[in-house]
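A short write-up of the structure that comes next.
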There are 2 protein chains.
Amino acid sequence: MDAPHLAVVGGGQLARMMQQAAIGSGIRIRLLAEGPDVSAAQVVPDRLVGDHTVLADLERVCEGVAVVTFDHEHVPPEHLRALAAAGHAPRPGPHALLFAQDKAEMRARLAELGVPGPAHAVVADPQDLTDFAGRVGGFPVIVKTTRGGYDGKGVWKVDAADEAAEAFASGRTLIAEELVDFRRELSAQVARRPSGEVVAYPVVQSRQDDGICREVIAPAPDLDAGLAAQAEQIARTLAVELDVVGMLAVELFETSDGRVLVNELAMRPHNTGHWSIDGSATSQFENHLRAVLDLPLGPTAARAPWSVMVNVLGGSVTDLEAQLAEVLAQVPEARVHLYGKAVRSGRKVGHVTVVGDDLDQVRSRARLAADLLENG
Amino acid sequence: MDAPHLAVVGGGQLARMMQQAAIGSGIRIRLLAEGPDVSAAQVVPDRLVGDHTVLADLERVCEGVAVVTFDHEHVPPEHLRALAAAGHAPRPGPHALLFAQDKAEMRARLAELGVPGPAHAVVADPQDLTDFAGRVGGFPVIVKTTRGGYDGKGVWKVDAADEAAEAFASGRTLIAEELVDFRRELSAQVARRPSGEVVAYPVVQSRQDDGICREVIAPAPDLDAGLAAQAEQIARTLAVELDVVGMLAVELFETSDGRVLVNELAMRPHNTGHWSIDGSATSQFENHLRAVLDLPLGPTAARAPWSVMVNVLGGSVTDLEAQLAEVLAQVPEARVHLYGKAVRSGRKVGHVTVVGDDLDQVRSRARLAADLLENG
């Protein structure tokens, strides 16, 4: 088999969808997967099973491969530096990825850059937390682990300092953030390649339930043009200033008083960009591959006035593929994406996108299709 | 690994593009490939290397799998019948596939059905051929092997009976067809599932050079609405009457005097339908998978007024992936598809599709992108 063009660490659905894009472009991926039958391992023949926290496993997947990219942000920074020192190109690089791995580093850097975000402070104990709450108008406030959280894990809304006892007891570094009074959540995505080119996707609206992305509307309906431009500009600025290579997602709050504040960063294809597979001229997965391989980036314009993506979370339907017949019969226009994952309650196991001219209809059709895959 | 949903025989680019569609739908494919690194074997982990003319190899790939489909039409009918007798479902079935495998059978059946085609006759020797030519106004006429031809192989235009000496010497059954005075070639594609549903794609125009598909325009420009309806109806009729399951492509001549005549049949995704990956609401590969798995078929409407697909044939560029940067820089809107095949002169190694509103521009951009991949 010819040498791979790209190593990908992590075998989740993001790597699976990267492979779908890679097939079209003739790009050969070598995968480091958590197990032989995880989502992406089902569709990438050139795969090794290993642990992304073990340097030797990372070295194995990178052997003979120049560029390495990631399904997630959990590779230890020291391992990324070791790979770089050995002549590989982790993209994004460890100096950039740090700001997606560590929320305290991210908040500090964004403050330096003058990018708007919620008030925040690293808190070492309940007294720190109480002091912080006092400065932002009192409880409730948000407490997060600075590292390792995702999909709502490692995030708590606390009404009093003692509610954070468990978080403090974990021994992990915590950051407190003001509870933002927001109208909705937005996401601004850009792709950036090492040679500098940046392309931006339309700013989208996302709805999170219990910290898990549930529904994305592209573009964000009725978004003030000035705010949309500001959100895009924040994403462009961060991509350049943090030296991101690949996709960057900037999750934002649109506050009730009409500002945007940065909530989270992700340096990889992101759930808020899945709509782009069916709704954009170039999917986020293809542009991520192009960006990390330093190829010209593709156009990001929407193909239709509206795209709505609804996540499929594990529900009462256990055989998703068997349920396809029902979904496609009732919602023939649905673009159904299944990840090859075993169904567990609340787990992301797929998504559905519908595109069209009428937002209400597109949204109700996408919701119907997702509901049929969750609840039958 | 969970059991596959579908066995696919043959590891060419059609199987590769089926896998791309299968990934999205969570459909697990097991592949019988000609070698460990052929086009589709590069992207299907669950693959066996074997020979599609050896029943034992076919039985291996079908073990535990209900439905089997094909990258090509070269599996011997007796093997298909043996698989069916063993409880598998070859789709299309041997009784249907016969008409794509054997041009004499196809011509006879189409004549019974009253479907228009060129005058034709099976010819056993040069005298037969001379007699046939006499009946259709003289030489030149077309001579074809009834079985095994593709991409212009097994087809000759002969100006005299002695020019067919080599063909007769091969010992293969030959069919002669009148040389059709045609304005252009068209292709009508439909998908049909076992439960009876049929969907039709827009009728397209194709241009062949030396028997190899070079360029496809969807829909066929300036096609008379009556002829378009007739072409679609022929494809629908043949799908039903021949009991085709999966994609059916009917290649047609539009004659200079304004008729359509059937040229060839293919019962699988077809080169004239590659535009549908980027240009249609549902690609032919996805609808082929849905059809053979008896899932509801997807909408076939074009996403844009025009789609132009140009094949990339092996030329002076030897590292296609390395040439991607140049192509994407010059034609950012091009949808480039590379098949992972080694470049050999004239070999189909990829295709490019451009979609848009202005046919002349779409066509020239697609041609430019393909030319850059062929000739640098």
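Cβ atoms are placed via backbone N, Cα and C, with glycine included.
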Write down the one residue from A:Lys103, A:Lys153 that TrEMBL lists together with A:Lys144, A:Glu177, A:Glu178, A:Leu179, A:Val180, A:Glu185, A:Asn263, A:Glu264 as binding ATP. A:Lys103
Max CA to CA distance in Å over the ATP-binding set A:Lys103, A:Lys144, A:Glu177, A:Glu178, A:Leu179, A:Val180, A:Glu185, A:Asn263, A:Glu264? 18
Which state, by DSSP, holds A:Leu179 (ATP binding site): helix, strand or coil? coil
For A:Lys103 (ATP binding site), just give me the three-state DSSP call. helix
Other C-beta atoms within 10 angstroms of the C-beta of A:Glu185 (ATP binding site) total 21
Residues near A:Glu264 (ATP binding site) in space but at least six apart in sequence (CB under 8 A): A:Lys103, A:Val250, A:Glu251
